[in-house]
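Notes for the one structure printed next.
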Amino acid sequence: MATPVPLVFNAPKRGMPPTHFADLNDEARIEALKELGLPKFRLNQIARHYYGRLEADPLTMTDLPEGARQEVKDALFPTLMSPLRVIETDDDTTQKTLWKLHDGTLLESVLMRYSDRSTLCISSQAGCGMACPFCATGQGGLDRNLSIGEIVDQVRNAAATMQAEGGRLSNIVFMGMGEPLANYKRVVSAVRQITQPSPAGFGISQRSVTVSTVGLAPAIRKLADEEMSVTLAVSLHTPDDELRDTLVPVNNRWPVAEVLDAARYYADKSGRRVSIEYALIRDVNDQDWRADMLGEKLHKALGSRVHVNLIPLNPTPGSKWDAAPKARQDEFVRRVIAKGVPCTVRDTKGQEIAAACGQLAAEESA
């Protein structure tokens, strides 16, 4: 039997990138411009280029003095990531990008285009320390936290792609590599930049941003106290502690009841419905009694402020885990709904290009 991967909450300090414009607050940006001999009104111009026009190269910012553009580029706009592989599928509506960061670390994002919206799935860490055994990223371990700039620039890149196509990036989900609430301060700062109107941010509605977590209960409560209206998604995967201790090892620290209490606190503070993510795994967590228990526990803890997203498992190469058959999936949905909890099956865009957690990076590293 393989040795279990350990839980890691504190990311290694190594490898953080050079400081980027998005890493700094306005005071620090003004100070950086002052060091370049530029007045503070240039901040507004640069911000409008970055957040409004989605430009990250000061050499194209023609309203900046020509002699200062290279200096601004060198000081505030280092190259954070370069595309290593881009794969498209679902009739070119799904685009998976594997990015190589400045230190060689790999990062993934997935852009999914629908008829009525476009959604970007972004990463918050390079790797993940939560050690979930059915997740490719969790089994690969944690390399490091991403910087604010590395998170934000995933969004800018995708927004620029959509803009070039005549569309608009409408939704952001923190469901890529990493545990967002384990990189708390940077993720919250990134969310604020994603949602503030230009020139302070990209102007995407907070209600169109989803932050997922495996259940870091204190951080869920802390996020609630930020008084943002982002959607909270809790990766529960089973309603009983006995199995969840194995499927989601962080459950040994914060068990199901504590996670659901924190989720209720978030729902009460934000007024938002909480999303429960449940990867259905054949003969592991797909039993009728678990569906009944899930519905009962969620209805008791969250009432009408909950929705279950059932996720057909994306099998990882070489893994013993497999997706539950459709008939089992349909019965699971029926039983959860019968307990008074809305339950739907999540769209599986990107499965054929290994768009599930960390699979593309795992293949590249192999």
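Using the three backbone atoms N, Cα and C, a Cβ is placed for every residue, glycine included.
What Swiss-Prot records for E108 is active site, proton acceptor, and it gives sequence analysis as the kind of evidence.
Cβ neighbour count for C128 ([4Fe-4S] cluster binding site): 28 (other Cβ atoms within 10 Å of its Cβ, all protein chains included). Among the features that Swiss-Prot reports, [4Fe-4S] cluster binding site is placed at C128, C132, C135, with the record citing sequence analysis.
According to Swiss-Prot, the S-adenosyl-L-methionine binding site annotation covers G178, E179, S212, S235, L236, H237, N314, on the basis of sequence analysis. A coil conformation is recorded for G178 (S-adenosyl-L-methionine binding site) in the three-state DSSP classification, outside any helix or strand. For G178 (S-adenosyl-L-methionine binding site), the count of additional Cβ atoms within 10 Å of its Cβ stands at 33 [all protein chains shown].
Among the features that Swiss-Prot reports, disulfide bond is placed at C121-C357, with the record citing sequence analysis.
Residues or ranges marked as domain 'Radical SAM core' in Swiss-Prot (evidence: sequence analysis): 114-352.
The average per-residue pLDDT of the prediction over the domain 'Radical SAM core' (114-352) is 94, rounded to a whole number. Neighbours of C121 (disulfide bond) among the recorded positions E108, C132, G178, S212, L236, H237, defined as a Cα within 10 Å of its Cα, are E108. A Cα-Cα distance of 9 Å separates N314 (S-adenosyl-L-methionine binding site) from C135 ([4Fe-4S] cluster binding site). The Cβ of S235 (S-adenosyl-L-methionine binding site) lies under 8 Å from the Cβ of C132, S212, T213, V214, G215, V248, E277, A279, each on the same chain and at least six residues away in sequence.
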